[in-house]
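Engineer: Here it is, the structure in full.
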Amino acid sequence: MKDLILVLNCGSSSVKFAVLNPYTKKKYLYGIVERLFLSETYITWKHLGMQYKKIIGLNITHEYALNFILDQVLLEHKDVLKNLIGIGHRVVHGGVKIKKTILINDNVIRCIEDAVSFAPLHNPANLIGIKTVIKKYPRLSKKNVAVFDTSFYQNMPKSSFLYAIPYNFYKEYGIRRYGAHGTSHYYVARKVAVILNKNFNTLNIITCHLGNGASVSAIRNGICVDTSMGLTPLEGLVMGTRSGDIDPSIIFFMHKKLKISIDDIEVILTKKSGLLGLSGISSDFRYFEKNYFLKKEAKRSVDIFCHRLSKYIAAYTTLMNNRLDAVIFTGGIGENVSLIREITLNKLSLLDFKINIELNLAAVNGKSGLITEYDSRPVFVILTDEELAIAEETISIINK
Ligand code: ADP
(Lines of atoms letter the chains of each structure in order from A and count residues from 1; the text may use other names and numbers.)
(Lines give C-alpha, C1' and ligand atoms only; values in the text may rest on other atoms or scores of the structure.)
Protein backbone atom coordinates (compact mmCIF):
# COMPACT_ATOMS: atom_id res chain seq x y z
CA MET A 1 0.00 0.00 0.00
CA LYS A 2 1.73 3.20 -1.13
CA ASP A 3 1.23 6.39 -3.14
CA LEU A 4 -2.20 7.01 -1.67
CA ILE A 5 -4.28 10.08 -2.41
CA LEU A 6 -7.05 11.33 -0.15
CA VAL A 7 -9.89 12.79 -2.20
CA LEU A 8 -12.39 15.11 -0.56
CA ASN A 9 -15.63 16.13 -2.18
CA CYS A 10 -17.45 18.54 0.12
CA GLY A 11 -20.94 18.99 -1.32
CA SER A 12 -23.71 21.25 -0.09
CA SER A 13 -25.21 18.58 2.16
CA SER A 14 -22.69 15.76 2.12
CA VAL A 15 -18.97 15.07 2.35
CA LYS A 16 -17.60 12.25 0.22
CA PHE A 17 -14.10 10.94 0.82
CA ALA A 18 -11.87 8.28 -0.63
CA VAL A 19 -8.32 7.07 -0.25
CA LEU A 20 -7.00 5.41 -3.36
CA ASN A 21 -3.94 4.63 -5.37
CA PRO A 22 -4.31 6.48 -8.68
CA TYR A 23 -1.90 4.15 -10.48
CA THR A 24 -3.58 0.85 -9.58
CA LYS A 25 -7.03 2.52 -9.21
CA LYS A 26 -7.49 0.52 -6.01
CA LYS A 27 -9.72 2.20 -3.41
CA TYR A 28 -8.61 1.38 0.13
CA LEU A 29 -11.17 3.44 1.94
CA TYR A 30 -14.18 5.42 0.84
CA GLY A 31 -17.31 6.78 2.33
CA ILE A 32 -19.81 9.56 2.72
CA VAL A 33 -21.27 11.72 5.45
CA GLU A 34 -24.89 12.39 4.52
CA ARG A 35 -27.68 14.63 5.78
CA LEU A 36 -25.52 17.51 7.04
CA PHE A 37 -27.59 20.11 8.94
CA LEU A 38 -30.49 17.65 9.30
CA SER A 39 -31.89 15.62 12.16
CA GLU A 40 -29.68 12.57 11.79
CA THR A 41 -26.30 12.93 10.13
CA TYR A 42 -24.62 9.61 9.53
CA ILE A 43 -21.42 8.31 8.00
CA THR A 44 -20.93 5.14 6.04
CA TRP A 45 -17.58 3.90 4.84
CA LYS A 46 -15.89 0.85 3.42
CA HIS A 47 -12.37 -0.33 4.17
CA LEU A 48 -11.00 -3.40 2.40
CA GLY A 49 -14.41 -4.97 1.89
CA MET A 50 -15.76 -4.19 5.37
CA GLN A 51 -18.70 -1.78 5.63
CA TYR A 52 -19.16 0.56 8.59
CA LYS A 53 -21.96 2.95 9.58
CA LYS A 54 -22.22 5.38 12.48
CA ILE A 55 -24.67 8.09 13.42
CA ILE A 56 -22.67 11.29 13.96
CA GLY A 57 -25.33 13.45 15.57
CA LEU A 58 -27.78 16.29 15.03
CA ASN A 59 -27.35 19.34 12.85
CA ILE A 60 -23.78 18.43 11.93
CA THR A 61 -21.67 21.01 10.05
CA HIS A 62 -19.04 20.44 7.37
CA GLU A 63 -16.21 21.14 9.86
CA TYR A 64 -17.53 18.61 12.33
CA ALA A 65 -18.03 16.00 9.63
CA LEU A 66 -14.52 16.54 8.25
CA ASN A 67 -12.93 16.31 11.68
CA PHE A 68 -14.89 13.11 12.27
CA ILE A 69 -13.56 11.65 9.01
CA LEU A 70 -9.97 12.70 9.70
CA ASP A 71 -9.83 11.99 13.44
CA GLN A 72 -11.98 8.93 13.74
CA VAL A 73 -12.12 7.14 10.41
CA LEU A 74 -8.65 7.84 9.03
CA LEU A 75 -6.95 7.52 12.40
CA GLU A 76 -8.60 4.13 12.84
CA HIS A 77 -6.90 3.04 9.62
CA LYS A 78 -3.33 4.13 10.34
CA ASP A 79 -1.94 2.02 7.50
CA VAL A 80 -3.84 4.27 5.09
CA LEU A 81 -2.90 7.49 6.82
CA LYS A 82 0.85 6.97 6.83
CA ASN A 83 0.92 6.25 3.10
CA LEU A 84 -0.85 9.43 2.03
CA ILE A 85 1.22 11.49 -0.40
CA GLY A 86 -1.34 14.07 -1.43
CA ILE A 87 -4.87 15.36 -1.17
CA GLY A 88 -7.20 16.17 -4.04
CA HIS A 89 -10.09 18.54 -3.43
CA ARG A 90 -13.09 18.79 -5.68
CA VAL A 91 -13.80 22.50 -6.14
CA VAL A 92 -16.92 23.42 -8.04
CA HIS A 93 -16.02 26.87 -9.33
CA GLY A 94 -12.63 28.23 -10.40
CA GLY A 95 -14.11 31.63 -11.14
CA VAL A 96 -12.59 33.97 -13.67
CA LYS A 97 -8.94 33.25 -12.93
CA ILE A 98 -8.41 29.53 -12.42
CA LYS A 99 -8.70 27.49 -15.59
CA LYS A 100 -7.20 24.12 -14.62
CA THR A 101 -6.13 21.78 -11.85
CA ILE A 102 -3.68 23.53 -9.55
CA LEU A 103 -1.54 23.07 -6.43
CA ILE A 104 -3.24 24.95 -3.59
CA ASN A 105 -1.54 27.98 -2.03
CA ASP A 106 -2.87 31.16 -0.40
CA ASN A 107 -3.48 32.79 -3.75
CA VAL A 108 -5.53 29.82 -4.99
CA ILE A 109 -7.58 29.92 -1.80
CA ARG A 110 -8.28 33.62 -2.44
CA CYS A 111 -9.42 32.86 -5.99
CA ILE A 112 -11.78 30.14 -4.74
CA GLU A 113 -13.12 32.64 -2.19
CA ASP A 114 -13.59 35.20 -4.98
CA ALA A 115 -15.72 32.65 -6.86
CA VAL A 116 -18.07 31.98 -3.92
CA SER A 117 -20.80 34.13 -5.46
CA PHE A 118 -20.67 31.90 -8.57
CA ALA A 119 -21.18 28.70 -6.52
CA PRO A 120 -22.71 29.77 -3.22
CA LEU A 121 -23.77 26.27 -2.16
CA HIS A 122 -20.48 24.60 -3.04
CA ASN A 123 -17.35 26.77 -2.92
CA PRO A 124 -17.74 27.60 0.81
CA ALA A 125 -17.96 23.87 1.58
CA ASN A 126 -14.93 23.17 -0.65
CA LEU A 127 -12.96 25.87 1.21
CA ILE A 128 -13.81 24.35 4.58
CA GLY A 129 -12.43 21.03 3.30
CA ILE A 130 -9.20 22.61 2.10
CA LYS A 131 -8.57 24.65 5.26
CA THR A 132 -9.42 21.80 7.64
CA VAL A 133 -7.06 19.38 5.91
CA ILE A 134 -4.17 21.83 5.63
CA LYS A 135 -4.43 22.46 9.37
CA LYS A 136 -4.74 18.79 10.24
CA TYR A 137 -1.92 17.46 8.07
CA PRO A 138 0.98 19.98 8.11
CA ARG A 139 3.22 17.28 6.56
CA LEU A 140 1.04 17.43 3.43
CA SER A 141 0.24 21.14 3.49
CA LYS A 142 2.06 21.72 0.18
CA LYS A 143 0.49 18.65 -1.44
CA ASN A 144 -3.12 19.80 -1.66
CA VAL A 145 -4.49 20.03 -5.17
CA ALA A 146 -7.72 21.68 -6.34
CA VAL A 147 -9.56 20.00 -9.21
CA PHE A 148 -12.25 22.25 -10.67
CA ASP A 149 -15.61 21.29 -12.11
CA THR A 150 -15.26 24.28 -14.40
CA SER A 151 -11.94 23.29 -16.06
CA PHE A 152 -13.54 21.06 -18.68
CA TYR A 153 -15.47 24.03 -20.05
CA GLN A 154 -12.59 26.40 -20.66
CA ASN A 155 -12.56 25.76 -24.41
CA MET A 156 -16.25 26.38 -25.08
CA PRO A 157 -16.81 28.87 -27.88
CA LYS A 158 -18.18 32.32 -27.08
CA SER A 159 -21.41 31.41 -28.89
CA SER A 160 -22.00 28.88 -26.09
CA PHE A 161 -20.64 30.62 -23.02
CA LEU A 162 -21.86 34.21 -23.51
CA TYR A 163 -25.25 35.38 -22.32
CA ALA A 164 -27.15 37.86 -24.48
CA ILE A 165 -26.80 40.65 -21.94
CA PRO A 166 -24.66 43.78 -22.32
CA TYR A 167 -21.14 42.62 -23.16
CA ASN A 168 -19.48 44.60 -20.37
CA PHE A 169 -21.03 42.28 -17.74
CA TYR A 170 -18.79 39.60 -19.22
CA LYS A 171 -15.73 41.81 -19.75
CA GLU A 172 -15.86 43.55 -16.38
CA TYR A 173 -17.50 41.03 -14.08
CA GLY A 174 -16.88 37.66 -15.70
CA ILE A 175 -20.59 36.90 -16.13
CA ARG A 176 -20.66 33.95 -18.54
CA ARG A 177 -21.51 30.27 -18.56
CA TYR A 178 -18.84 28.28 -16.65
CA GLY A 179 -20.45 24.84 -16.38
CA ALA A 180 -20.07 22.31 -13.58
CA HIS A 181 -19.59 18.55 -13.06
CA GLY A 182 -16.78 18.73 -15.64
CA THR A 183 -14.72 16.03 -13.93
CA SER A 184 -17.56 13.54 -14.26
CA HIS A 185 -18.49 14.42 -17.86
CA TYR A 186 -14.85 14.14 -18.95
CA TYR A 187 -14.33 10.87 -17.08
CA VAL A 188 -17.35 9.01 -18.51
CA ALA A 189 -16.73 10.34 -22.03
CA ARG A 190 -13.17 8.97 -21.96
CA LYS A 191 -14.50 5.64 -20.72
CA VAL A 192 -16.75 5.38 -23.75
CA ALA A 193 -13.81 6.18 -26.02
CA VAL A 194 -12.10 3.11 -24.54
CA ILE A 195 -15.23 0.98 -25.05
CA LEU A 196 -15.55 2.15 -28.67
CA ASN A 197 -11.79 1.70 -29.14
CA LYS A 198 -11.55 5.18 -30.64
CA ASN A 199 -9.34 8.18 -30.00
CA PHE A 200 -11.25 10.45 -27.59
CA ASN A 201 -10.27 13.51 -29.65
CA THR A 202 -12.20 12.20 -32.64
CA LEU A 203 -15.46 11.53 -30.81
CA ASN A 204 -18.71 13.47 -30.62
CA ILE A 205 -20.56 12.65 -27.40
CA ILE A 206 -23.44 14.03 -25.33
CA THR A 207 -23.00 13.28 -21.61
CA CYS A 208 -25.87 13.47 -19.09
CA HIS A 209 -24.74 13.60 -15.46
CA LEU A 210 -27.94 13.15 -13.46
CA GLY A 211 -27.51 13.30 -9.70
CA ASN A 212 -28.83 15.73 -7.11
CA GLY A 213 -27.23 18.29 -9.38
CA ALA A 214 -27.71 17.50 -13.06
CA SER A 215 -26.18 18.70 -16.29
CA VAL A 216 -25.72 17.83 -19.95
CA SER A 217 -22.53 18.49 -21.92
CA ALA A 218 -21.87 18.45 -25.65
CA ILE A 219 -18.41 17.17 -26.57
CA ARG A 220 -17.15 17.59 -30.14
CA ASN A 221 -13.83 16.02 -31.12
CA GLY A 222 -13.02 15.57 -27.44
CA ILE A 223 -13.66 19.22 -26.55
CA CYS A 224 -16.66 20.41 -24.61
CA VAL A 225 -18.55 22.88 -26.79
CA ASP A 226 -21.62 23.51 -24.64
CA THR A 227 -23.11 22.62 -21.29
CA SER A 228 -26.37 23.20 -19.49
CA MET A 229 -25.06 24.71 -16.26
CA GLY A 230 -24.31 28.39 -16.38
CA LEU A 231 -22.71 31.12 -14.33
CA THR A 232 -23.66 28.94 -11.36
CA PRO A 233 -24.84 25.33 -11.07
CA LEU A 234 -28.44 26.61 -10.99
CA GLU A 235 -29.07 26.78 -14.74
CA GLY A 236 -30.19 23.95 -16.98
CA LEU A 237 -31.93 20.72 -16.07
CA VAL A 238 -34.50 20.13 -13.34
CA MET A 239 -32.47 19.03 -10.30
CA GLY A 240 -33.13 17.66 -6.82
CA THR A 241 -33.83 21.04 -5.26
CA ARG A 242 -32.67 23.48 -7.97
CA SER A 243 -35.03 24.92 -10.54
CA GLY A 244 -32.73 24.81 -13.57
CA ASP A 245 -33.87 27.08 -16.43
CA ILE A 246 -36.57 29.61 -15.63
CA ASP A 247 -37.68 32.88 -17.16
CA PRO A 248 -35.67 35.48 -15.16
CA SER A 249 -38.86 37.54 -14.94
CA ILE A 250 -40.13 35.07 -12.36
CA ILE A 251 -37.57 36.61 -10.00
CA PHE A 252 -38.90 40.13 -10.68
CA PHE A 253 -42.44 38.89 -10.12
CA MET A 254 -41.57 37.18 -6.84
CA HIS A 255 -39.68 40.22 -5.64
CA LYS A 256 -41.87 43.10 -6.79
CA LYS A 257 -45.33 41.57 -6.68
CA LEU A 258 -44.97 38.98 -3.93
CA LYS A 259 -42.48 41.04 -1.87
CA ILE A 260 -40.15 38.09 -1.39
CA SER A 261 -36.62 39.23 -0.60
CA ILE A 262 -33.79 38.44 -3.01
CA ASP A 263 -32.13 36.22 -0.38
CA ASP A 264 -35.34 34.24 0.06
CA ILE A 265 -35.76 33.89 -3.70
CA GLU A 266 -32.26 32.46 -3.87
CA VAL A 267 -33.22 29.89 -1.24
CA ILE A 268 -36.43 29.07 -3.13
CA LEU A 269 -34.62 28.50 -6.44
CA THR A 270 -31.66 26.58 -5.04
CA LYS A 271 -33.12 24.61 -2.14
CA LYS A 272 -36.88 24.44 -2.54
CA SER A 273 -37.39 23.97 -6.26
CA GLY A 274 -36.62 21.21 -8.73
CA LEU A 275 -38.08 17.79 -7.92
CA LEU A 276 -38.69 18.84 -4.32
CA GLY A 277 -40.60 21.95 -5.34
CA LEU A 278 -42.62 20.22 -8.06
CA SER A 279 -43.65 17.28 -5.90
CA GLY A 280 -43.80 19.06 -2.57
CA ILE A 281 -42.56 15.76 -1.12
CA SER A 282 -39.03 14.70 -1.95
CA SER A 283 -35.87 15.36 -3.91
CA ASP A 284 -34.82 11.71 -3.70
CA PHE A 285 -35.30 9.91 -6.99
CA ARG A 286 -36.07 6.62 -5.28
CA TYR A 287 -39.40 8.18 -4.28
CA PHE A 288 -40.20 9.21 -7.88
CA GLU A 289 -39.26 5.85 -9.32
CA LYS A 290 -41.47 4.04 -6.83
CA ASN A 291 -44.44 6.37 -7.26
CA TYR A 292 -44.36 7.34 -10.96
CA PHE A 293 -47.40 5.25 -11.81
CA LEU A 294 -49.09 5.79 -8.44
CA LYS A 295 -48.94 9.47 -7.51
CA LYS A 296 -49.71 12.37 -9.80
CA GLU A 297 -47.11 14.67 -8.22
CA ALA A 298 -44.43 12.05 -8.85
CA LYS A 299 -45.46 11.64 -12.49
CA ARG A 300 -45.64 15.39 -13.01
CA SER A 301 -42.14 15.92 -11.65
CA VAL A 302 -40.55 13.10 -13.62
CA ASP A 303 -42.27 14.17 -16.85
CA ILE A 304 -40.92 17.70 -16.50
CA PHE A 305 -37.46 16.32 -15.67
CA CYS A 306 -37.46 14.16 -18.83
CA HIS A 307 -38.98 16.86 -21.03
CA ARG A 308 -36.15 19.24 -20.16
CA LEU A 309 -33.48 16.57 -20.50
CA SER A 310 -34.65 15.41 -23.93
CA LYS A 311 -34.81 19.04 -25.11
CA TYR A 312 -31.15 19.56 -24.17
CA ILE A 313 -30.03 16.33 -25.84
CA ALA A 314 -31.91 17.21 -29.02
CA ALA A 315 -30.48 20.74 -29.00
CA TYR A 316 -26.94 19.48 -28.54
CA THR A 317 -27.19 17.19 -31.57
CA THR A 318 -27.00 20.41 -33.60
CA LEU A 319 -23.41 20.87 -32.35
CA MET A 320 -22.19 17.45 -33.42
CA ASN A 321 -21.20 18.15 -37.05
CA ASN A 322 -23.73 15.58 -38.27
CA ARG A 323 -22.19 12.69 -36.35
CA LEU A 324 -23.11 11.64 -32.83
CA ASP A 325 -21.01 8.72 -31.56
CA ALA A 326 -22.68 8.22 -28.18
CA VAL A 327 -24.99 9.55 -25.51
CA ILE A 328 -24.02 8.73 -21.93
CA PHE A 329 -26.13 8.56 -18.77
CA THR A 330 -24.31 8.77 -15.45
CA GLY A 331 -24.72 10.03 -11.85
CA GLY A 332 -26.98 8.47 -9.20
CA ILE A 333 -30.12 8.88 -11.36
CA GLY A 334 -28.48 8.24 -14.73
CA GLU A 335 -26.87 5.04 -13.44
CA ASN A 336 -29.88 3.64 -11.60
CA VAL A 337 -33.20 4.87 -12.94
CA SER A 338 -34.09 2.97 -16.11
CA LEU A 339 -37.45 4.78 -16.22
CA ILE A 340 -35.79 8.15 -16.84
CA ARG A 341 -33.67 6.76 -19.66
CA GLU A 342 -36.65 5.08 -21.28
CA ILE A 343 -38.94 8.13 -21.17
CA THR A 344 -36.18 10.45 -22.38
CA LEU A 345 -34.96 8.29 -25.24
CA ASN A 346 -38.51 7.56 -26.43
CA LYS A 347 -39.00 11.29 -26.87
CA LEU A 348 -35.92 11.29 -29.12
CA SER A 349 -37.02 8.54 -31.51
CA LEU A 350 -37.08 11.05 -34.38
CA LEU A 351 -33.30 11.26 -33.93
CA ASP A 352 -32.96 7.47 -34.28
CA PHE A 353 -32.66 6.53 -30.65
CA LYS A 354 -34.09 3.06 -30.05
CA ILE A 355 -33.91 1.80 -26.51
CA ASN A 356 -33.46 -1.90 -25.77
CA ILE A 357 -35.83 -2.56 -22.88
CA GLU A 358 -33.92 -5.50 -21.36
CA LEU A 359 -30.51 -3.86 -21.59
CA ASN A 360 -31.94 -0.71 -20.08
CA LEU A 361 -33.55 -2.55 -17.17
CA ALA A 362 -30.32 -4.43 -16.52
CA ALA A 363 -28.14 -1.31 -16.34
CA VAL A 364 -28.80 -0.47 -12.66
CA ASN A 365 -27.11 -0.99 -9.29
CA GLY A 366 -23.54 -0.76 -10.50
CA LYS A 367 -24.03 -2.43 -13.88
CA SER A 368 -23.12 -0.38 -16.93
CA GLY A 369 -23.12 -0.79 -20.71
CA LEU A 370 -25.01 -0.18 -23.92
CA ILE A 371 -28.79 0.23 -23.53
CA THR A 372 -29.87 0.70 -27.16
CA GLU A 373 -30.65 -1.55 -30.15
CA TYR A 374 -27.94 -2.41 -32.70
CA ASP A 375 -29.46 -0.02 -35.30
CA SER A 376 -29.87 2.88 -32.85
CA ARG A 377 -27.53 5.72 -32.09
CA PRO A 378 -25.54 4.24 -29.20
CA VAL A 379 -26.50 5.17 -25.66
CA PHE A 380 -24.43 3.96 -22.71
CA VAL A 381 -24.85 3.88 -18.97
CA ILE A 382 -21.40 4.57 -17.52
CA LEU A 383 -20.56 4.62 -13.81
CA THR A 384 -18.88 7.85 -12.94
CA ASP A 385 -15.94 7.87 -10.55
CA GLU A 386 -15.16 11.46 -9.69
CA GLU A 387 -12.87 10.35 -6.85
CA LEU A 388 -10.63 8.37 -9.19
CA ALA A 389 -10.62 11.18 -11.75
CA ILE A 390 -9.64 13.68 -9.04
CA ALA A 391 -6.91 11.37 -7.68
CA GLU A 392 -5.45 10.98 -11.18
CA GLU A 393 -5.36 14.74 -11.68
CA THR A 394 -3.89 15.23 -8.20
CA ILE A 395 -1.00 12.83 -8.72
CA SER A 396 -0.18 14.37 -12.09
CA ILE A 397 0.19 17.80 -10.44
CA ILE A 398 2.14 16.49 -7.44
CA ASN A 399 4.56 14.71 -9.76
CA LYS A 400 5.30 17.85 -11.76
P1 ADP B 1 -24.75 14.03 -6.01
O2 ADP B 1 -23.38 13.41 -6.20
O3 ADP B 1 -25.06 15.16 -6.93
O4 ADP B 1 -25.12 14.29 -4.58
P5 ADP B 1 -25.67 11.42 -6.85
O6 ADP B 1 -24.97 11.24 -8.14
O7 ADP B 1 -25.23 10.62 -5.68
O8 ADP B 1 -25.80 12.95 -6.47
O9 ADP B 1 -27.22 11.10 -7.13
C10 ADP B 1 -28.20 11.30 -6.16
C11 ADP B 1 -29.54 11.01 -6.79
O12 ADP B 1 -29.53 9.69 -7.34
C13 ADP B 1 -30.67 11.06 -5.79
O14 ADP B 1 -31.82 11.62 -6.40
C15 ADP B 1 -30.92 9.60 -5.49
O16 ADP B 1 -32.22 9.35 -5.10
C17 ADP B 1 -30.65 8.97 -6.84
N18 ADP B 1 -30.29 7.56 -6.69
C19 ADP B 1 -29.15 7.04 -6.24
N20 ADP B 1 -29.21 5.68 -6.22
C21 ADP B 1 -30.44 5.35 -6.69
C22 ADP B 1 -31.13 4.12 -6.90
N23 ADP B 1 -30.55 2.93 -6.65
N24 ADP B 1 -32.37 4.18 -7.41
C25 ADP B 1 -32.96 5.37 -7.66
N26 ADP B 1 -32.38 6.55 -7.47
C27 ADP B 1 -31.14 6.56 -6.99
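For all residues, glycine too, the Cβ spot is worked out from N, Cα and C.
Unlike curated entries, TrEMBL annotations are predicted automatically.
Here's the feature list from TrEMBL:
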- ASP149: active site, proton donor/acceptor (ACT_SITE)
- ASN9, GLU386: Mg(2+) binding site (BINDING)
- LYS16, HIS209, LEU210, GLY211, ASN212, GLY213, ASP284, PHE285, ARG286, GLY332, ILE333, GLY334, GLU335, ASN336: ATP binding site (BINDING)
- ARG90: substrate binding site (BINDING)
- HIS181: site 'Transition state stabilizer' (SITE)
- ARG242: site 'Transition state stabilizer' (SITE)
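Show me how these features fit into the shown structure, please.
Structural biologist: Long-range Cβ proximity for ASP149 (active site, proton donor/acceptor), meaning a same-chain Cβ under 8 A and a gap of 6 or more residues, is found for ARG90, VAL91, VAL92, HIS93, GLY179, ALA180, HIS181, GLY182, THR183, PRO233.
DSSP assigns ASN9 (Mg(2+) binding site) to a strand segment in the three-state reduction. Close to ASN9 (Mg(2+) binding site) in the fold, though at least 6 residues off in sequence, lie VAL15, LYS16, PHE17, HIS89, ARG90, GLU386, GLU387, ILE390, each with a CB less than 8 Å from its CB.
Around the Cβ of LYS16 (ATP binding site), a 10 Å sphere holds 18 further Cβ atoms from the protein chains shown.
In the three-state DSSP classification, ARG242 (site 'Transition state stabilizer') falls within coil. A 10 Å cutoff on Cβ-Cβ distances gives ARG242 (site 'Transition state stabilizer') a total of 28 other Cβ atoms nearby, all chains included.
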Engineer: Give the maximum pairwise CA distance in Å, whole number, for the residues LYS16, HIS209, LEU210, GLY211, ASN212, GLY213, ASP284, PHE285, ARG286, GLY332, ILE333, GLY334, GLU335, ASN336 listed as binding ATP.
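Structural biologist: If we measure all Cα pairs in LYS16, HIS209, LEU210, GLY211, ASN212, GLY213, ASP284, PHE285, ARG286, GLY332, ILE333, GLY334, GLU335, ASN336, the largest is 20 Å.
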Engineer: Restricting to the chain of GLU335 (ATP binding site) and a gap of 6 or more, list residues whose Cβ falls under 8 Å of its Cβ, or answer none.
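Structural biologist: Counting only residues 6 or more apart in sequence, the Cβ neighbours of GLU335 (ATP binding site) under 8 Å are PHE329, ALA363, VAL364, GLY366, SER368, VAL381, ILE382, LEU383, THR384.
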Engineer: In sequence order, which residues at least six apart in the same chain have a CB under 8 Å from the CB of LEU210 (ATP binding site)?
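Structural biologist: Same-chain residues close to LEU210 (ATP binding site) (Cβ under 8 Å, separated by 6 or more) are LEU237, LEU309, PHE329, THR330, GLY331, GLY332, ILE333, GLY334, VAL337, ILE340.
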Engineer: Go through ASP284, GLU386, our binding-site residues, and report the one whose Cβ sees the most other Cβ atoms within 10 Å.
Structural biologist: GLU386
